[in-house]
Structure formats: structure tokens, C-alpha cells
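J.: After the C-alpha cells below, expect a handful of questions from me.
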Amino acid sequence: MNVLVKAGGLFLICSFLGWCLEAAAVSVRKKSFVNKGVLNGPLCPVYGITFLIVLAVTKDLQDNWFFLLLGCMVLATVAEFLTGKFLEHIYGRKWWDYSQRKCQYEGYVCLGNSLLWGILGLVGVKFLAPFFLKLLDMIPSVIRTPLVLILLAIAVLDAIETFAVALRWKKTEGMENLGGNLERISSRLGAGIFSYTKKRLLKAYPNSSYSQAPSLLGKGAAVFAEGCNFYKLAWLFLIGAFLGDLVETVFCFLTSGVLMSRSSVVYGPFSIVWGLAVVLLTGLLYRFREKEDRYLFLAGTVLGGAYEYVCSVFTEKVFGAVFWDYSGIPFNLGGRINLLYCFFWGIAALVWMKVCYPPLSRLIEKIPMKAGKALTWVLVSLMIVNMAVSAAALGRYTARTAGVAPANQIEIFLDEHFPDQRMERIYPNAVVKR
């Protein structure tokens with residue numbers, strides 16, 4: 001509980017500082033105060049969330065300033081891009097646009113900002129985080145815990161109110177028609193909240209452009225899974241997870257002569273790491289697919305390396321086990337990634353976007369609309385159950401290795417159906433961290 005409260009405190013502090021940074025930059029330029037945050041309160045949650053992720057992921061990099069800077073740059077840039085895309089789909093408009101800057105991508109991210117985020121992240125991890133943690137430790141726990149929880153609750157309510165307004169806002173055809181739609185809000189209080197939030201956001205982002213962002217669920221599409229929506233990505237995840245498992249199995253057999261399981265789940269030959277990688281590469285590089293090969297290779301090398309590093313940290317933190325270790329390979333980073341495999345990610349991104357994606361996309365779009373949607377939800381539901389059972393089995397395997405006896409019927413069931421022998425066959429390279 002204490003760790004979660006401190007994490008919540010760091011989130012609030014960094015979100016507030018991010019809001020101050022954004023508000024100060026715009027207010028100086030406008031010569032008047034502007035609340036630049038998406039929320040009504042003095043918080044920019046993306047700063048707090050990103051900082052917590054950076055702090056957790058870069059723990060092993062804190063003695064290597066260059067890779068710490070690079071890691072902060074990549075993670076913060078991806079966070080900025082995903083935030084921009086999320087806000088566009090929620091509000092139906094683009095909140096910032098770097099299209100006129102050099103080295104930018106879709107107007108959401110640019111090299112200059114990425115360098116700034118990297119420097120801020122490095123300073124935050126090396127200097128600010130220890131200071132903030134000491135500051136939180138100075139507050140008695142009897143005061144700190146309720147204070148953090150109350151402030152987090154207020155932030156959640158603020159977010160709910162803001163996004164509720166956003167959903168109503170998106171239904172309008174343009175900014176000039178927003179005022180007339182207030183009559184549809186049931187109460188004066190609701191109308192007042194809607195009007196205040198709308199005016200504040202329009203003041204904060206006067207140059208935001210109305211956007212016909214494609215529906216995430218493909219609403220209005222002529223064919224099933226047209227473009228790059230949820231249904232297309234769900235099928236690509238399943239296909240990528242299966243093909244990734246197959247490729248790794250064949251590769252290990254050819255290089256080591258051993259036929260071993262490379263699956264991430266207890267049921268079926270599916271590699272979740274590869275499935276998610278396919279989804280992320282497709283989502284982030286979709287508009288890059290017509291670019292020259294070198295751009296795809298470079299993006300795949302950087303994003304793939306960062307993704308593999310994050311996955312390694314995540315699995316160790318959550319499951320207490322390391323599923324791969326590159327310590328014996330030259331140019332590795334903490335045994336989590338190495339330069340050679342980063343190049344493999346670049347090649348994989350290039351081959352995927354140029355060779356594999358186009359025919360697979362056309363094949364998926366040939367599935368009948370109604371059958372495709374129903375089948376997608378069935379397969380996604382089964383995979384979620386598979387992943388949940390696998391996570392529980394791994395958690396119990398880790399605890400069992402540490403000598404922890406089963407405490408309930410669920411753990412007894414897991415011990416009976418997923419004994420050590422079976423788990424070691426499914427995850428032959430897993431190293432439990434005690």
C-alpha cells in the first residue's frame with residue numbers, strides 16, 4: 001500500500017509540474033494565463049503516467065546516461081504520440097500539430113520535442129524522483145495516504161467529467177455548432193459544466209483542427225476491418241502471435257538443434273510479445289508503409305528494441321521471472337536487449353510492413369462483416385481467458401519455486417493442472433528471480 005501511495009504521490013507531483021510547464025510556456029507566448037491541460041484541474045496526467053513508466057522501465061539504466069536519455073526520449077515520444085491519437089479519437093479534433101516542423105511524424109511528435117522529453121526525463125529520474133520521494137517520506141503516513149487518495153479521487157472525477165463532455169462534443173459537426181447543442185443537456189448545471197469545459201479547451205487549443213478520425217471500431221466502413229481499426233489489429237495480433245511463435249521455434253531448432261516451446265501462454269502456440277509487437281508496429285508505422293525502406297528499418301530498430309526492453313522489465317516485475325537473457329551476446333543492455341536483435345527488429349518491421357501486411361490485410365478484409373465481428377470477439381475473449389490463466393499459472397509457479405504453499409482452492413487447482421514439469425516445458429528459458 002505504501003508503494004502505491006508513493007506512486008500516486010509521484011503521479012500527482014509530476015502531473016502538476018507538467019501542467020505548470022505547459023501553462024507557463026503558452027501563457028508567456030499569449031501574454032495571459034491559459035490552462036493548457038485537458039482536465040479542468042491543474043494536472044497533465046500524461047506527464048505523471050509517463051514519468052512512472054520511465055522510472056520503472058529505466059531502473060537498470062540509471063548509471064548509463066546515454067541509454068537513459070535515449071530510453072526517456074523513446075518512451076516519452078511514444079506516449080506523446082499515443083496521447084495525441086487518443087485525444088483525436090475522443091474529441092474528434094487534433095489538439096496540437098507539428099506538421100510545419102522538421103523531423104515530425106503525423107504532426108504529433110517531432111525531433112525537437114523528443115530531445116526535450118529525453119532531457120527532462122533524465123533530470124527527473126536522476127535528481128527529481130529521489131527528491132520527491134524524500135519529500136513524500138517527510139509527510140506522516142496518517143496524513144499522506146488519505147491526502148493522496150483524495151487528490152487522486154478528485155483527479156478521476158475531473159477526468160470523467162471532461163471525457164463525458166468530450167463524448168457529447170464529438171457528436172457535433174464543428175466548433176461553430178457547439179453552442180446550440182447545449183440545449184440537449186438535461187440540467188443547467190450540466191450545461192454550465194459543458195460550456196465552461198468547452199470554452200476552456202477552445203482557449204487552450206485555439207488552433208485545434210476538426211478531424212474526421214476513422215472509427216476505432218470501423219463504424220461506417222464498407223468492408224470488414226477496413227483500414228487500421230480494432231478488428232484489423234485484433235486479427236493481426238492473433239496471426240502475429242501464432243507466426244511469431246512458429247518463427248522462434250524454427251529459429252531455435254535451426255541454431256541449437258533443440259525443439260522447444262516459445263509460447264507465451266499455456267494453451268496454444270502463441271507468442272504474446274510478437275502479437276503485441278505486430279499491433280504496435282502496424283499502428284505506429286501504418287502511414288509509413290509507403291515510405292522508403294530505410295525509414296521503416298530505423299523506426300523498427302528503435303521501437304523494437306525499446307519494446308523488447310519494456311517487455312523484459314514488465315515480465316520480471318509482474319511474474320518474477322526473466323524469459324530471455326542476452327548477457328552473453330556482445331553489445332547488450334542489461335541482458336534485456338542487444339544490438340544484433342535490435343537490427344532484427346528493424347528487418348522484421350520492414351518485412352512486415354512491405355511484404356506480410358498487405359496480403360494479410362486484404363485477406364482479413366474478405367471476411368464477411370457480421371461473421372467477422374462475431375468471430376473477432378469470440379477469439380479475443382478466448383485469448384483473454386488464455387492469458388489470464390497463463391498469468392495465474394506463472395504467478396503460482398514463481399511462488400511455488402519460492403516455497404510458498406497454496407493458500408486457496410484456486411492455487412491448489414493451479415498446482416494440480418500446471419505443475420513444475422509442465423511449466424518448465426512451456427517456458428524452458430524462464431529464470432525465476434527470488
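Glycine is no exception: its Cβ is also placed from the backbone N, Cα and C atoms.
Because TrEMBL annotations are produced automatically, they should be read as predictions rather than curated entries.
Taken from TrEMBL, the feature transmembrane segment covers 6-26, 38-58, 64-87, 108-133, 145-167, 233-260, 266-288, 295-315, 335-353, 374-394.
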J.: With a cut-off of 8 Å between Cβ atoms, can you find at least three pairs linking the transmembrane segment (108-133) to the transmembrane segment (6-26)? Only pairs 6 or more residues apart in sequence count.
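T.: The transmembrane segment (6-26) and the transmembrane segment (108-133): touching, yes.
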J.: Hey, which bits of the same chain come close to the transmembrane segment (233-260), Cβ under 8 Å, at least six residues off its ends?
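T.: Same-chain contacts beyond the ends: 225, 269-279, 282-283, 357, 360, 364, 376, 379-380, 383, 428-429.
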J.: Any chance the transmembrane segment (295-315) and the transmembrane segment (374-394) are in contact, meaning at least three CB pairs closer than 8 A with a sequence separation of 6+?
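T.: Between the transmembrane segment (295-315) and the transmembrane segment (374-394), contact is absent.
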J.: Most CB pairs under 8 Å with the transmembrane segment (145-167): which of 38-58, 335-353, 374-394?
T.: 38-58
